[in-house]
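Below: one structure, written as structure tokens.
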Amino acid sequence: MYVVYFFVGLISTALGAAAGLGGGVIIKPMLDLLGDFNLKSIGALSAITVFTMAVVSLFGSRKLDVQLQKKQSFTLAIGSIIGGGIGKSLFNSSLKYEPINHMIGLVQSALLIGILIIILLLMKYRHFYKTYHLKNAGIILMIGLILGVVSAFIGIGGGPLNIAVLSLLFSMDTKQARLNSIFIIFFSQLAAIILIFTEGSLVEYDLNMLPVMVIGGVVGGFIGNYLSLHWDSRRVELIFNATIILIIAINIYNVVQAI
């Protein structure tokens, strides 16, 4: 099983780093599919693996001829951290409510399917919409907060949501949105990891596969950076769309299996 989880970490983060998806949006349904871990453990494995990828990706991004919009992205990141805390609290509270806690995974998958379909359509037809260059810090912070709540409750890093927001509300092209998305993911996953290690007992988490997934995340970060460096925006967008479709298919399968 170690080999399986290594490749889950590697493939998820390689695609996530190349397209700005982060990897959590892929890891979550894959671990649901494998069925070896509870929801809390899946969240922890995903957060730490994706954070590792983000560190590698940002370190390697110095070679990329892409501008990092630090002011807007950092404001979004702060909002995402605050929202992530709220979303995580909502998630933990729902797990404690006995009548519905067995349905949380199903609800997460169903919500993720809906959100990803909307994102896929928005990105595919974004040339028909007016895009914006938001600069108001308060509005940007609020958008980040909403992203954080949704991402934390569903149990993903928020990459697809970041890409859609950065493209539509900040008029970034695919490669620029990819880099800024990973910048936001770095901070949001760092906050998630701090919460994991401070909110309660680690006994609740099964982290046996963490070392191999983290190694996969490191390798995936390097591969994703290499692809982003050598591919143009059109190819990065193709990877983004193909990955979103794959994630939707996996989540539909998970929902059907759970019903």
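Cβ atoms are placed via backbone N, Cα and C, with glycine included.
All annotation found in TrEMBL is predicted automatically rather than curated by experts.
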Of 2-21, 42-61, the range TrEMBL tags as transmembrane segment is 42-61
Comparing 42-61, 103-125, 137-157, 177-197, 239-256 for Cβ pairs under 8 Å with the transmembrane segment (209-227), the winner is 42-61
Whether the transmembrane segment (42-61) meets the transmembrane segment (239-256): three or more C-beta pairs under 8 angstroms | no
Counting only residues at least 6 beyond its ends, the same-chain positions whose CB falls under 8 A of a CB in the transmembrane segment (239-256) are 15-16, 18-21, 25-26, 29-30, 32-33, 105-106, 109-110, 112-113, 116-117, 119-120, 123-124, 160, 163, 174, 227, 231
Within the same chain, the residues 6 or more beyond the ends of the transmembrane segment (103-125) and with Cβ under 8 Å of it are 25, 28-29, 32, 39, 91, 94-95, 150, 153-156, 160-161, 163-164, 167-168, 237, 240-241, 244-245, 247-248, 251-252, 254-255, 258-259
